[in-house]
Ligand code: GRF
């Protein structure tokens, strides 16, 4: 199974997907980022993976940017497109082209807290449980069919930082496993 991984930031999920590649049944054939400063670019290099960098700020519209992404994907024809901290909303055009092939990981127990600042929102609401969700991407933000969800308990002394760390640790474990079982 060939996959392409999209990221925008630190890339801990990318790193874990790459580290587990040999023991699981997928192959990362390329990575993609919209952020020329993302740490995941170096992670890709360390694993000898070609990383396509396309700065969205150089495009007039989301559609034009996504058309370029589509050309890139068509050349590679991956089985799945894995979003791992990719911080751009995909246009309907791209979602339709790659229907049921784009997977995302979102740091909340969806349908709770789609969008940004999920750890802060869970803390402010006084939630006892928080977690992460792996789901298919549809044109509704963070609302596609759920593939896997896992929760953690929020401790009284948890902060945004501690939750970020705990959730990423959990994601780094379950994302590669889940991809492998697609
Ligand atoms: C993760 O928490 C993921 O759920 C969210 O963005 C974060 C990416 O982290 N979509 P990293 O770049 O993989 O470290």
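Glycine is treated like the rest: Cβ placed from N, Cα and C.
Values in this document were obtained by computation on a predicted structure and should not be read as measured data.
Taken from TrEMBL, the feature domain 'Formyl transferase N-terminal' covers 1-179.
Marked as N(1)-(5-phospho-beta-D-ribosyl)glycinamide binding site by TrEMBL: 11, 12, 13. Following the DSSP three-state reduction, the secondary structure of residue 13 (N(1)-(5-phospho-beta-D-ribosyl)glycinamide binding site) is helix. When Cβ atoms from all protein chains are considered, those within 10 Å of residue 13 (N(1)-(5-phospho-beta-D-ribosyl)glycinamide binding site) total 23, not counting its own.
The (6R)-10-formyltetrahydrofolate binding site annotation in TrEMBL covers 62, 87, 88, 89, 90, 104. Other Cβ atoms within 10 Å of the Cβ of residue 88 ((6R)-10-formyltetrahydrofolate binding site) number 17 in total over all chains.
The active site, proton donor feature in TrEMBL is assigned to 106. Annotation note: residue 106 (active site, proton donor) sits in a strand segment as assigned by DSSP.
The site 'Raises pKa of active site His' feature in TrEMBL is assigned to 142. Cβ contacts within 10 Å of residue 142 (site 'Raises pKa of active site His'), excluding its own Cβ and spanning all protein chains shown: 19.
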Would you mind sorting out which binding-site residues among 11, 12, 104 put a C-beta under 6 angstroms from ligand 1?
11, 12
If you count Cβ atoms within 10 Å of the Cβ of residue 12 (N(1)-(5-phospho-beta-D-ribosyl)glycinamide binding site), leaving out that atom itself, what do you get?
20
Surrounding CB atoms that lie within 10 Å of the CB of residue 87 ((6R)-10-formyltetrahydrofolate binding site), all protein chains:
15
Taking the Cβ of residue 106 (active site, proton donor) as reference, which residues of that chain separated by at least 6 in sequence fall under 8 Å from it?
114, 118, 132, 133, 134, 135, 142
